[in-house]
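**Student:** Mind looking over this structure? Questions follow.
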Amino acid sequence: MQLPHTQLRGKERLHNVIKCLSESCPWTKSITSEMMMGFLESELKELKDELVIMKSCKTNVEKINNNVDNKKEIVSEVGDIIFDVLMLEMAIRREYDIDMEEAWQAAAEKVERRTPYIKEWGDGVTTASTVEDTEKIWQQVKKKEKMRVESAASESVITSQKETNRNDNDNADTSTSINISKSPSRSRNFGILLYSNGKSSMEKLKENGTVVGTAALAFTLGAFVSRLLLGRGIR
């Protein structure tokens, strides 16, 4: 049973705030993912400024005097960032009809792949005893992932172009009187090819551990969330 809003606490309350805003607030209904990205960038800068102030205190006296107020500001800024991330999630879900569970799942799976030394999900072979080890492994796995994505995307584009050419030839065979200027274009935008071919090739691409089309947006947001939660920054 859903508790009254005023009785909710923490993440449940904030999630309900987002839900109510999306249903009843005209401004929230008008926002776009691009707008929310701008707000999020601004909030990240404000948090960075607060952290710089905290670290700049040179003596224990300064730290004690500034600690309470500065911590309140940091809590506030982190809260703003979480709010903006949830609003961005809502905007992307609405604009692109994406199941955001995919984003959370993508974030978890990405971190798992890039930290194979963790016993709960690791390969039982890889080890990391220093920060340098973890960074090296992270970058190695990231490079392999990028190569797989590029290979799969290239294969998808080639397949789509072959299908387009075949359709063009079929049209030419069945109607030789059609003016060539009206025949389907052989040159398609790269992004459109990926998106339009997504349904026919998505399962094959997923088997290779890659995501194309609208699902790529979920993957990207998931990556952002994983970086935020790990404190690694966006890269």
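Every residue, even glycine, has its Cβ placed from backbone N, Cα and C.
Pasting the relevant annotations from TrEMBL:
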- 153-162: compositional bias 'Polar residues' (COMPBIAS)
- 172-183: compositional bias 'Polar residues' (COMPBIAS)
- 34-117: domain 'NTP pyrophosphohydrolase MazG-like' (DOMAIN)
- 152-183: region 'Disordered' (REGION)
- 211-230: transmembrane segment (TRANSMEM)
**Student:** Using DSSP, tally how many residues of the compositional bias 'Polar residues' (153-162) sit in helix, strand and coil.
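**Tutor:** Each residue of the compositional bias 'Polar residues' (153-162) counted once, the result is 10 helix, 0 strand, 0 coil.
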**Student:** Reported in the order helix, strand, coil, what are the DSSP residue counts of the domain 'NTP pyrophosphohydrolase MazG-like' (34-117)?
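**Tutor:** Here the numbers are 74 helix, 0 strand, 10 coil.
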**Student:** So what pLDDT does the domain 'NTP pyrophosphohydrolase MazG-like' (34-117) average out to?
**Tutor:** 86
